[in-house]
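Read through the structure below, which is laid out as structure tokens, and then see the notes.
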Amino acid sequence: MTTPQEVLKLIQDQKIQMIDLKFIDTPGTWQHLTVYYNQIDESSFTDGVPFDGSSIRGWKGIEESDMTMVLDPNTAWIDPFMKEPTLSIICSIKEPRTGEWYNRCPRVIAQKAIDYLVSTGLGDTAFFGPEAEFFIFDDARFDQTANSGYYYVDSVEGRWNSGKDEGPNLAYKPRFKEGYFPVAPTDTFQDMRTEMLLTMAACGVPIEKQHHEVATGGQCELGFRFGKLIEAADWLMTYKYVIKNVAKKYGRTVTFMPKPIFGDNGSGMHCHQSIWKDGKPLFGGDKYAGLSDMALYYIGGILKHAPALLGITNPTTNSYKRLVPGYEAPVNLAYSQGNRSASVRIPLSGTNPKAKRLEFRCPDATSNPYLAFAAMLCAGIDGIKNKIHPGEPLDRNIYELSPEELAKVPSTPGSLELALEALENDHAFLTESGVFTEDFIQNWIEYKLVNEVKQLQLRPHPYEFYLYYDC
């Protein structure tokens, strides 16, 4: 734990000039306000720094927009991308009128999820380990006007460039679904990924590995260690910030969109998770795959509430272009040991109880990690409290099941609209505990429907011209 006094000493010792205060909006984008170093004192870590919240997506109107950012001293790191010495600090949001934590602040909701876990007596720590995939592109252009709509992405690694005159074209472009794990020269991003990883470490993220991913066109992944729920979400936001800015330094652009390329694998964010109490792991036992009853019930909660969960963990229309058969995506709601075709996988981790965990493979990195982790924890707790058994495991390759067998396995919603409908009909597991408020859930659903689902419904799609122009 870092104290406010230690942060203030760091500012003095490192001759920090600016303090960059970062917080997350409802959809999941980091926002920031930068202040001169002398504007921060010990009260900033309790009372906060005032700002106007009227323009923050999903928050307040202009008539009640005053809010305060409360600095978390445990999140301070020197920003490697700023010209002047700048200290970055992540904040949570308070209501200045009441001094209460703001119930639409995602980081506040994440803390309430931990408090809820403790209050149940089931555990005191929830560990999460997200694995967020992304694409590195050389060019990304898109536009939508009254009479046109298009997108165009390109990558030096794109298989579609095999016949392009690149003066000269040196080939070695990964075939579709064959980007995992060829060495250089097929893998052109080794040095960039290493710089990303080391920069993350300098920002306080406990790094592990980096590698190319399955898809052509520059799909990659960096790995960092699992952490407690809030710190894991903090690290994920730092991960995305570092990756995007290092790529920009190389003249490249990064997207965490689940499906930016047609015909190849999409990008997910598999989430490893477990519950501990008094420093001891609780998911190891003598049941299937070496799990405890608690772990199985947790899985039962995840699977029962999965359609509703996806309204939060897969919160974009693009999310459901990834969740389709044929691209190694977890479209079937089942669990299995080591089987990556199941939506919940129990990694093969030997007999060490500390390594026993589950991996929910549906989420993607368009999600707000604080909300996604909190929602998954609530679903798991509901499973434990109500002893929801997940049924029999599915240890066969789901992709090879016959249509008759597959029809018996529940599947993920086919669209964001259907996932939001499931969330509308099944969110008591989120609200009865007080972790999420009814106000938040209804605001979330309305925001997603009005600003995303309905906006796409209004606009012609380029492929519709291919299908229907000559009608």
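Backbone N, Cα and C define each Cβ position, glycine as well.
What you see is a predicted model, and the numbers here were worked out from it, not measured in a lab.
Same-site candidate for Mg(2+) 1 binding, as annotated by Swiss-Prot with His270, Glu359, chosen from Glu100, Glu131, Glu133, Glu157: Glu131. Glu221 (Mg(2+) 2 binding site) is 24 Å away from Tyr399 (O-AMP-tyrosine) when you measure Cα to Cα. Geometry remark: Glu221 (Mg(2+) 2 binding site) versus Glu131 (Mg(2+) 1 binding site), CA distance 7 Å. Checked against His270 (Mg(2+) 1 binding site), the binding-site residues Glu133, Glu213, Arg322, Glu328, Arg361 differ in C-alpha distance, with Arg361 being the nearest. A gap of 10 Å separates the Cα atoms of Arg340 (L-glutamate binding site) and Glu359 (Mg(2+) 1 binding site). Just so you know, of the binding-site residues Glu133, Glu213, Glu328, the Cβ with the fewest other Cβ atoms around it within 10 Å is the one at Glu328. Counting other CB atoms no more than 10 Å from each candidate's CB, the recorded positions Glu221, Gly266, Tyr399 peak at Gly266.
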